[in-house]
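Trainee: Per Swiss-Prot, the features are:
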BINDING   GLY472, PRO473, ASN474, GLY475, THR476, GLY477, LYS478, THR479  ATP binding site
BINDING   CYS491, CYS500, CYS503, CYS506  Zn(2+) binding site
COILED    742-770  coiled coil
COMPBIAS  10-20  compositional bias 'Polar residues'
COMPBIAS  95-113  compositional bias 'Basic and acidic residues'
COMPBIAS  126-136  compositional bias 'Polar residues'
COMPBIAS  137-168  compositional bias 'Basic and acidic residues'
COMPBIAS  227-241  compositional bias 'Gly residues'
COMPBIAS  245-259  compositional bias 'Basic residues'
COMPBIAS  281-291  compositional bias 'Basic and acidic residues'
COMPBIAS  332-345  compositional bias 'Basic and acidic residues'
COMPBIAS  346-358  compositional bias 'Low complexity'
COMPBIAS  796-807  compositional bias 'Basic and acidic residues'
COMPBIAS  818-828  compositional bias 'Basic and acidic residues'
COMPBIAS  993-1003  compositional bias 'Polar residues'
REGION    1-22  region 'Disordered'
REGION    74-168  region 'Disordered'
REGION    220-293  region 'Disordered'
REGION    321-358  region 'Disordered'
REGION    400-436  region 'Disordered'
REGION    790-828  region 'Disordered'
REGION    913-932  region 'Disordered'
REGION    956-1003  region 'Disordered'
Amino acid sequence: MTTTTTTTTRVASSSSTRNNRILKDANGDIGEHLRNHIHLTNCIHLKNNMHKQSPVLTDRALMRDLIVLQRSRSLRDPSASPPAWNTPPSVVDLLPKKGDLVEGGRRSVDLKKSSRRLSALSGSSPVVNFGTSKVTPSDERSGPVSGERDSGRRVKREESSRKSYRIGDDYQNVNEVVSHGSGSKASRRLSRVNDAMVKTLSDQLNEVVVGDSDDVVSSNVRPRVRYGGGGGGGNTRGCAGGMSRPKRRKFRGTRRVRGKSRDTGGGKSEMSVASNTLPQVEKHDGEKEGFGEQNMTKACGIPFNWSRIHHRGKTFLDKAGRSLSCGMSDSKGGRKGETNERNGSDKMMIQSDDDSSSFIGSDGEALPLLVDSGENDGWVHDYSGELGIFADSLLKNDEDSDLASEGRSGEKKHKKKSHVNARHRHRQQHQSLTEKYTPKTFRDLLGQNLVVQALSNAVARRKLGLLYVFHGPNGTGKTSCARIFARALNCHSMEQPKPCGTCSSCVSHDMGKSWNIREVGPVGNYDFEKIMDLLDGNVMVSSQSPRVFIFDDCDTLSSDCWNALSKVVDRAAPRHVVFILVCSSLDVLPHVIISRCQKFFFPKLKDADIVYSLQWIASKEEIEIDKDALKLIASRSDGSLRDAEMTLEQLSLLGQRISVPLVQELVGLVSDEKLVDLLDLALSADTVNTVKNLRTIMETSVEPLALMSQLATVITDILAGSYDFTKDQHKRKFFRRQPLPKEDMEKLRQALKTLSEAEKQLRVSNDKLTWLTAALLQLAPDQNYLLQRSSTADTGGRESSDHHLDPSSDAAGGRSSGLDRRRGDSRKNRPAVEEIWLEVIEKLRVNGLREFLYKEGRIVSLNLGSAPTVHLMFSSPLTKSTAEKFRSHIMQAFEAVLESPVTIEIRCETKKDPRNNVHHHHHHPTVKDKSLPQSLALIGHDYNIDGSGRSEIVEVTESNGQRRQQQKQQEEERTEPVGSSALARARRKHLEASQSQNQSQSIVRGKVSLAHVIQQADGCSLQNGWSKRKAVSIAEKLEQENLRLEPRSRSLLCWKSSRGTRRKATRLKVRTRRARPHTLLKLVSCGKCLSTRSPTR
């Protein structure tokens, strides 16, 4: 009896000791778990705030700490996960359940219930027996007492293993006391331990939290149990075994290889913590109730295996920033702590799948690590989905980047609570104008009306495609439009237009927590395997909202990625998946992708749209800028709004009003005034000053190609009439007169052509400055170009009109040769001659005469010898005669300019007949003696005020002398023999040529032929085309045939024509025909002749 009482007392005291130690270990685990959370929070805070000071060393060290904490098992809470079917029961299961309360509402340790649980577990559960020593048959027959002894032995081994890493004398002493029952000494030792360990749960928790946490070693390591395949006792190893506890290792960025745990039969695969599903837990109904209540009230709300089972395949940034929802809240949020904690643990209840043991996260969005109260701002980031791939690539290559941390978490900017916005917040880091004014809705997109209309209708009507391609130049809004389109597809609002920006989907995307929108780019920076993991992990997951994948800058995508993407597209065709490819050109995409996608082209933005956007941004940012400066920025951006915004931001940093010279200086341009001065010198053939001015401009570090491009732009503006010459016009020579005359416009067009040809040489040359100088010196045209009018330049085939002089006025050969010499001398100083001619025109006092000379006249040569002589050329005889009338006024103007007597020679341009190459010189020596009306009547023109004339076409009749000469020639033809026909033909040709010349010079009223009408109407003297000559020749042939056949219709066998008809045919001939023999005609008389000679007539 005494022995039984002693044994019962010993067992009770040992059970009390064991329960107290188990309670302390459990409380120590919770306290250490909280300390790890605090440390993780500090690491994340340092990561997001300290990288500005030392972005290399601090980021790398903190990144390593985050990796270690994420992989560490000390962060997992054993109190939040129920025991699995095949997993050994945790020591937390031995704690008191619901209802074990004492006075004051605090928990206490019930030794009897704990001993019952220990005995029940030791007697029933086959998993609890994981001691390292074999159990003898005598021990098995010893009944409950021996079972309790074994339990005590196991608990003490576990306790000793948790307190230290080495197996020493303490473990052996405790083992001896428990196994051999050494009487009163052991009882006294156990009673002292029980008195020291019996404390409440809150007191122990306070002691653990207050105590020093540096030397605390986590004992919450998940046991790894390996079951032997043979019979007898199982050799087990694990954290609760104590004898074979593995040593701790320091993590250096490497992953811990998980050991395989085998089943008792050896046929099952590895047992992971993720297999603790709810259906398996439901088998332990009694244990689940108490455990759930304790989890809801006292735990932090995170299962100890949460970091492994929640959203597999995610990076440590995802796990640290989203999965851990417990943190430190502010003081005002403490009242709602229990409610928020209970709601958070309810949301994080994991749903299981019947066919899989792995957990799948719910569709609800996870919260950030530190959840503040509703008064604080939300998290904002710039990237939604590419960071998952970026972080995986970061871990793989052991790299560091601020993009991963800043893009996922952002940096907080503290505000006053009165200006709090729950969804948006501003970072301390400066935001560029491009980021700050990024379009958020379709309405904000600029200059892409067709694309916006098409995509908006597709969202409203839910007519979605699988593949979209947005292509176009850079800075036109392709990526922004893709993001807006993705947000609109996932928007939950029932109103249009979408996206609304207020629904849960839009808010989650703005906060960076939307998993339905994944953005990847640029693709060339990431691994092919990571992209495939992203596609395989998200495409096949069913979701109510469409999943959108944005591949930005897919120009660098490899062929393997295209092949894999095409396969994924084929598999994802019936699902709610949308792929948006953003590139600059369609040439980089394979034909398989292009044939399946909807293509949207984003053209360059107009300068007016860019100016409007920049003006709006400048008003928002309070930037003082001129309107012309905005136009210059827009013109230099080449249709890219992003480039224009970056230029405006760069100019705003100068801190002064932005003007056009400031923009030109910043972007490396030359002012328009300097460019016009350079062009004026080059076109005026001022070689020395042109070279000096060019070197002065090149000293400002301007590229020769850029300078040539600016010169071409200025010339184009001048030709278009959009350039203003009001500044410094009096100092220039070529651009002195406004508007520019036609000849000067021709010079500018020729200069533009010269610059365009020189640009090709400039691109391939090493000495660009020399080629640019040569091109500018070639802008001054030569003499042939100066003497050639714009009207004659179109013909191309004719020679310059100044080479054909009037032979009647220059009868002497010496005079014409002297004029040629003077003309050659004048070509050397042609710019000076032109300036003198312009000064002469300005000296004229008659306005109509000044206008007339400017349009119709031009100076050919100027001889400033002993007898100064001026040669003037006019386009037509009428203009020449008008100039002769005002000879005195012109002479006075020349004498006023040259300050010496001058002789003026007025000439008319020669005209060339295209048919017979006969030069007609319209020179009338008697014009000087006639008055203007008489002169007009003589040449047969009605002159108008504006200088244009109207010609009257008449037929030339023959004089009496010509008529007698013609009759004599006909008589000779009748009487001459047959052998002299050649001489007769020659005489007739000479006669016809003289008649044709007389016809063109003498003009009287009469009848007209069809050929002459065509010639006069079309300006036969100026024609050189084949079709017009052909039409004239055909008309002449028809006229000749009609005239020859006219008398033959009167009587039969009449081969003679009247003299009048013969004369008409002779005048109209151009090519003479071979004369027919008249031998037969002499023998046979004509019926017409007989009828005329009959006396009856």
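Using the three backbone atoms N, Cα and C, a Cβ is placed for every residue, glycine included.
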Trainee: What is the set of residues, excluding CYS491, CYS500, CYS503, CYS506, whose C-beta falls within 8 angstroms of the centroid of the C-beta atoms at the Zn(2+) site?
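Mentor: Once CYS491, CYS500, CYS503, CYS506 are set aside, the remaining close residues are ARG487, ASN490, HIS492, SER493, LYS498, PRO499, GLY501, THR502, SER504, SER505, VAL507.
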Trainee: CYS506 (Zn(2+) binding site): which of the binding-site residues GLY472, PRO473, GLY475, GLY477, THR479 is the nearest Cα neighbour?
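Mentor: Closest candidate to CYS506 (Zn(2+) binding site), judged by Cα separation, is THR479.
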Trainee: Of all the binding-site residues given, namely ASN474, GLY475, THR476, LYS478, THR479, which is spatially nearest to CYS503 (Zn(2+) binding site) at the Cα level?
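Mentor: Nearest listed residue in space: THR479.
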Trainee: Pop the Cα-Cα gap between CYS500 (Zn(2+) binding site) and THR476 (ATP binding site) into the table, whole Å please.
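Mentor: That comes out at 23 Å between the alpha carbons.
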Trainee: State the Cα to Cα distance, in Å, between GLY477 (ATP binding site) and CYS500 (Zn(2+) binding site), rounded to an integer.
Mentor: 20
Trainee: Taking the Cβ of LYS478 (ATP binding site) as the centre, count every other Cβ atom within 10 Å, in any protein chain shown.
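Mentor: Other Cβ atoms within 10 Å of LYS478 (ATP binding site): 25.
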Trainee: Based on Cβ atoms within 10 Å, give me the single least packed residue among the binding-site residues CYS491, CYS503.
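Mentor: With the binding-site residues CYS491, CYS503, fewest surrounding Cβ atoms within 10 Å: CYS503.
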Trainee: Taking the Cβ of ASN474 (ATP binding site) as the reference point, list residues of the same chain whose Cβ is under 8 angstroms away and which are at least six residues distant in sequence.
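Mentor: The answer is SER584, SER640, ARG642, ASP643.
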Trainee: Per DSSP, to which secondary structure element type does GLY477 (ATP binding site) belong, with helix, strand and coil as the options?
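Mentor: Reduced to three states, the DSSP call for GLY477 (ATP binding site) is coil.
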Trainee: So if I measure Cβ to Cβ from CYS500 (Zn(2+) binding site) and keep only same-chain residues at least 6 apart in sequence, which ones fall under 8 Å?
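Mentor: Spatial neighbours, sequence-distant, of CYS500 (Zn(2+) binding site): CYS491, SER493, CYS506.
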Trainee: Could you please provide the mean pLDDT value for the coiled coil (742-770)?
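Mentor: Mean pLDDT for the coiled coil (742-770): 87.
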Trainee: What number of additional C-beta atoms lies within 10 angstroms of the C-beta atom of THR476 (ATP binding site)?
Mentor: 26
Trainee: At a 10 A cut-off on CB-CB distances, which of the binding-site residues GLY472, PRO473, GLY475, GLY477 has the highest count?
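Mentor: Neighbour-count leader: GLY477.
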Trainee: Report the same-chain neighbours of THR479 (ATP binding site): residues 6+ apart in sequence with Cβ closer than 8 Å to its Cβ, ordered by sequence.
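Mentor: Looking at Cβ-Cβ distances below 8 Å from THR479 (ATP binding site), excluding near sequence neighbours, one finds PHE470, ILE550, ASP552, VAL582.
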Trainee: Looking only at Cβ atoms, how many others are within 10 Å of the one on CYS506 (Zn(2+) binding site)?
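Mentor: For CYS506 (Zn(2+) binding site), the 10 Å Cβ neighbour count is 22.
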Trainee: Determine which residues of this chain, when GLY472, PRO473, ASN474, GLY475, THR476, GLY477, LYS478, THR479 are set aside, have a Cβ within 8 Å of the centroid of the ATP site's Cβ atoms, and list them as they appear in the sequence.
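Mentor: Sorted by sequence, the hits are SER584, PHE602, SER640, ARG642.
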